[in-house]
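Quick look at what TrEMBL lists:
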- 27-51: transmembrane segment (TRANSMEM)
- 43-294: domain 'G-protein coupled receptors family 1 profile' (DOMAIN)
- 63-84: transmembrane segment (TRANSMEM)
- 104-122: transmembrane segment (TRANSMEM)
- 142-165: transmembrane segment (TRANSMEM)
- 213-231: transmembrane segment (TRANSMEM)
- 243-262: transmembrane segment (TRANSMEM)
- 274-296: transmembrane segment (TRANSMEM)
Amino acid sequence: MAVVNHTSLQPASFLLMGIPGLEELHIWLSIPFCLMYLAAVFGNSILFFVIVTEQSLHEPMYLFLAMLAVADLVLSSSTVPKALSIFWSLSKEMSFHACLTQMFFAHVSFIAESTILLAMAFDRYIAICNPLRYAAVFTRSVMAKIGLAAIARGFFVIFPTIFLLRRLPYCGRKLMPHTYCEHMGIARLACADIAVNIWYGFATTLLSPGVDILLIGVSYVLILRAVFRLSSKEAQLKAVRTCSSHACVIVMFYTPAFFSFFTHRFGHNIPIHVHILLANLYMLLPPMLNPIVYTVKNKLIREKVSRIFFKHGQCSPPRL
């Protein structure tokens, strides 16, 4: 009995079709996509530069923001340029290995960012509930280990999907109705049983970002309980303000991601263009909004950013 060579059934490349049903709007959709991506790159680059160059910002809370900025840059840059290339009809083709590489970096950066948000929730918990131990817990060494753990966690969760996809035969199927390569989008092109891919994707979603959001929720319950026990109203407001920007980022990051995940698997009556728009939204919206939220909410970062643009004294920032 002849053995099927799965490698020979892998396509040399895929053709990404963008957003099916909205082809006539591709050029118009490219405008907000491009503007949001430029804002994400500019905002996160400025945030990272300010934190790295300003010695006064080399504290745990700000180092977490620098990690978040890097994750956001990778998350958006791994997918949006190709989406714009498709919208502008420059290139819709992507080689099989390039597709796997794009999927790998997009998913790894997503899990790494989720890990960083969990660590930031723990940071806020210690700062509010046990402030005397804060300096002892979040040392430079611990911060470096957290950054490495975020990358390692994403790597070990996503790396098996490369082999799960390479083992599948695709029987010459090349057309992918999407703007970028993601695990289940590639798997659904296979002409074989993909139950292992489905269950692995479901398990990793529940056991990585799913567990993260659960633990973040527990930390905030403990934080709120500690806040309401404070006798001073001023202290309560200060504690709430400390957590507000992080809470906003959590909502922006997880809401579109989980909505996209569950509609992709259970919302079979939802049009495919809605699925794809949601999948792009969680890759683009948080990276664009995160630096804005933290710059607006954090007075010290706002002052440092203003100093970059007005440091020569040629013009002064408007007084409010």
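Every residue, even glycine, has its Cβ placed from backbone N, Cα and C.
Counting Cβ pairs closer than 8 Å to the transmembrane segment (142-165), the top stretch among 27-51, 63-84, 104-122, 213-231, 274-296 is 104-122.
Per-stretch counts of Cβ pairs under 8 Å to the transmembrane segment (63-84) identify 27-51 as the leading one among 27-51, 213-231, 243-262, 274-296. Only sequence-distant pairs (6 or more apart) were considered; of these, fewer than three Cβ pairs between the transmembrane segment (104-122) and the transmembrane segment (27-51) are under 8 A, so the stretches are not in contact.
Residues 68, 110, 113-114, 117, 120-121, 124, 128, 205, 209, 213, 216, 220, 223, 275, 278-279, 281-282, 285-286, 289-290, 293-294, 297-298 of the same chain lie 6+ residues outside the transmembrane segment (243-262) yet bring a C-beta within less than 8 angstroms of a C-beta in it. Long-range contacts of the transmembrane segment (27-51) within the same chain, counting only residues at least 6 positions beyond its ends with a Cβ under 8 Å from a Cβ of the stretch, are 19, 57-58, 62-63, 65-66, 69-70, 72-73, 76-77, 80-81, 83-84, 87-88, 280, 284-285, 287-288, 290-292, 294-295, 301, 304-305, 308. For the domain 'G-protein coupled receptors family 1 profile' (43-294), the predicted model reports an average pLDDT of 88.
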